[in-house]
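Here's what TrEMBL has on this protein:
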DOMAIN    A:31-274  domain 'ABC transmembrane type-2'
TRANSMEM  A:33-55  transmembrane segment
TRANSMEM  A:75-97  transmembrane segment
TRANSMEM  A:118-140  transmembrane segment
TRANSMEM  A:152-173  transmembrane segment
TRANSMEM  A:185-204  transmembrane segment
TRANSMEM  A:251-269  transmembrane segment
Amino acid sequence: MSTALSRGFGQARGVYAIWLREVKRSLRDKGQLVGGVSRPLLWVLILGIGLNPYFRGEVYGEVRFVVPYTYLQFIFPAVIVLNILYTSIQSAVSLIWDREFGFLREVLVSPMPRNLILLGKVLGGATTAVIHGCMVLVVARFVGVAPSWSDIAQAIGLMFVLSFGLTAFGIVIANYIRGFESFGVFSNAVILPLYFTASSVFPLDPALTRAQTLVTYPEWLVYMVEFNPLTYAIDAMRGILIDFNQFDPAFNFQVVGVLAVGLFLLAMWEFRKV
Amino acid sequence: MSSVETYPEGLAITVEGVSKRFGRTLALDDVSLAVPHGTVFALLGPNGAGKSTLIDILCTIGRPDSGRALIAGIDVVKQPLAARRQLGVVFQETTLDTRLTVRENLSFHGMVYQMGRRERLTRTDEMLELVDLTDWADSEVKTLSSGMRRRLEIARALMHRPQILFLDEPTVGLDAQARARIWDYIAALRAQQDLTVIVTTHYIEEVDACDDICIIDRGKILAKGSPDALKSQHGSTLLKVTPRSDEARAAILARYPDAVAGAESQLLIQMTATDSADAILAEFGNQLRQISIDQPSLESVFLSLTGRDLREAPPVSRKARRNG
């Protein structure tokens, strides 16, 4: 029994080592930090402030939009998710790096089970992503978002579960990428479409009936938004930070939770073959 | 650990009838070998011979199609995690994290090998001392020369006190001085107790210092034994001649059909009788630019076993070798 316990401790230390390496590497990567700061600034300063005047209380035909928030407030939770999305996928891509430059072999011949290697890697990526999400959260007050401490704690919790799932998702993708060149393609083909169809930069107004929504937006777009799991993650983040929900909050959290577990299991399946 | 099978006394590695196929290529063809504990054992063969495939199987990364392999008595397929604790590996390509410092690389290794904190710290210092990298402990690995990186990898592989150390082509890509230094460390390790060193190389001059040599080509073991035993069994005096012209070359080849092309338009002729050097001088003396007589060496052993010069063996690309 005690040998099982000491082995458990040993393996936990191994997971910690892999986690620590991930976090150290990304904090030493100046390029990633610059991206993590400049990306939200551009979104908030340029897009957010630029579109802010055009957002409120518009009358569109017979229909009056009733999103009772400024565009800056509306887009802010989505920008947090965007930063998380980029950082998670970037961390997962370090797997390609490790495979290409051999470091992965050093870990694979160690007495660490593969699933725990993956766990350390995903936890490390998730931690980095949460740090990048928090860098956005810091400027909340400047865009008129005033979360309480408990809101902040909830937001960080949500960020972590979401980052965990997205890093696992990134590892699944990374497993199919041979070489670095194709990552740019994936970033444009996966990250941005996921983000834009997640009701991130425009609302599907909850005051509208479904029929009205389908009149206002083309059908395919509505379906894409509803099909995109990131929609519910962003909605959950909005619910926490600005108390605005377009969907059922309980359903939002379920989607994010199921996604995190499901994607990790999928990553485990993929990682067997590495 | 009662499930561990007992193994023949004193054997660090047992390989029994291991075969491995990649697509149409048979990378390992019914390979069997036994390595006694505490020896320095060399796997010698050209690129693509199957050395790396064998090392991968012994390191639990690759799985054999058939046969079995034991590391310190532990079956590498049935108990890979237990086997890995007994192994230290230095791969052919560097596997350091170049963005971490020297110390951080060692510390990472100690943690994933589940060493306690105190042991990890003392062992890190010992290992840095062993490979003379103490002064570089806090430098990032990317600032190190390739020889220093190789030394760090050896230190790292020994962190967790393995019983068996694998060195896969440890001197490839290093200059002569750095290569000599790596072999100095291997000699020092050999003096240390309780360590078996398995080294693969295609530099024939490097393996004379090993206890046992196994010559492997095209997935098959051709010969095993100590360097001296191999030389006396398979070695022959080797005549290296450089013909002056293509006509001379053709004439020599007609006279000695067994001659093998060597480096720099040399022809290598294995001498059977003591007078054949005189015979060739008498016959072709004026058509030769250069002639030299090599006493039995491992090079001639390889030549007589495989019918080709190790140096001239066509290089196989990394990818092709991985895929067999």
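Cβ coordinates are placed from backbone N, Cα and C, and glycine is handled just like the others.
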_Long-range neighbours of the transmembrane segment (A:185-204), counting only residues six or more past its ends (CB under 8 A)_ = 47, 65, 67, 74-75, 78, 81-82, 85-86, 89, 173, 177, 213, 217, 221-222, 224-225, 228, 230-231, 233-235, 246
*asked:* Under 8 angstroms for C-beta pairs, at least 3 of them, ignoring pairs fewer than 6 apart in sequence. Is the transmembrane segment (A:33-55) in contact with the transmembrane segment (A:152-173) by that rule?
replied: no
_Other parts of the chain folded back onto the transmembrane segment (A:75-97), taken as Cβ under 8 Å at six or more residues beyond its ends_ = 22, 25-26, 32, 35-36, 39-40, 43-44, 47-48, 51, 103-104, 121, 124-126, 128-133, 135-137, 140, 143, 145, 155, 159, 162-163, 166-171, 173-175, 177, 179-180, 183, 186-187, 190-191, 194-195, 198, 200-201, 230, 233-234, 237-238, 240-242, 274
